[in-house]
Amino acid sequence: MKKFSPFQYVLAWSVHAFTASGMVFGFLAILAIQSQDFAQVFVWLTVAFLVDAIDGTLARAAKVSEVLPNFKGDSIDHVIDFANYAIIPAYFIHEAGLLPEEFKLLGVSAILLVSCFYYGKTTYVTEDLYFEGFPILWNFVAFYLYFVFDFSPMANLVLLLILCILPILPWKYPYPSQTKEYRLLTFTALFFIAIGIIGTVVIFPEKNNWIQLCSYVGIVYIFGMAIFKTFFSKIKS
């Protein structure tokens with residue numbers, strides 16, 4: 001059995017603690033929702049998203065699975081992801097006046113139910129490392145509905161219900177940390193989305209057309225690539 005130094009154990013546990021901090025940031029987002037400070041909500045959800053984006057790299061660098069073989073960071077990750085990408089955004093959508101009053105529970109229930117079913121799948125990644133089905137990222141949906149789009153509550157509900165169907169359909173969506181095809185384009189799109197989110201939150205309640213454009217460019221690429229990879233590949237084969 002390979003032996004590790006005390007420093008390696010401390011480092012491994014520190015990575016797990018870093019992963020777990022995502023739940024704390026999620027809780028801060030809940031407090032911001034209760035305070036109706038909706039821009040602050042996405043400050044905390046963005047920080048939580050960044051933690052989720054880099055903790056895997058840190059875990060591999062620290063050889064966490066080797067140092068702590070009886071402790072699964074993936075389990076922590078799944079709990080936090082479900083909170084920050086499904087439950088908290090659903091609560092935001094419920095509280096932010098985005099849905100018709102009489103259909104709030106319907107919209108939120110649809111989000112939570114489809115998210116549960118998605119997490120129950122044995123695999124959500126295709127052989128060529130794309131997400132199979134629209135990934136559970138309701139934090140982004142909530143952001144676009146509140147800050148970018150200017151739809152009526154009923155239009156928001158219709159869009160939400162359509163999006164609830166997409167995780168079930170076997171469409172291919174870019175998985176930024178895994179998908180190798182078109183990686184430069186994908187990261188460019190993510191850069192535009194990041195500019196859109198950060199810029200929007202910083203200047204809120206003011207709006208800037210260029211920042212809005214960044215938000216649209218990124219999301220058009222994601223869905224455009226999903227359609228291209230799903231249907232073009234089938235035609236080609």
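Positions of Cβ are set from backbone N, Cα and C atoms, glycine also.
Taken from TrEMBL, the feature transmembrane segment applies to 12-33, 129-149, 155-172, 184-204, 210-232.
Same-chain residues lying 6 or more positions outside the transmembrane segment (155-172) and placing a CB less than 8 Å from one of its CB atoms are 93, 98-100, 103, 106-107, 110-111, 114-115, 117-118, 126, 128, 130-136, 141, 145, 149, 226-227, 229-230, 233. Below 8 angstroms of C-beta separation, residues 4, 40-45, 47-48, 51-52, 55, 58-59, 62-64, 67-68, 71, 73, 76-77, 79-80, 83-84, 88, 91-92, 95-96 of the same chain, each at least six residues beyond the ends of the transmembrane segment (12-33), sit close to that stretch. Long-range Cβ contacts of the transmembrane segment (184-204) within its own chain (Cβ-Cβ under 8 Å, at least 6 residues beyond either end) map to 39, 42-43, 46, 140, 143, 147-148, 174, 176, 211-212, 214-219, 221-222, 225.
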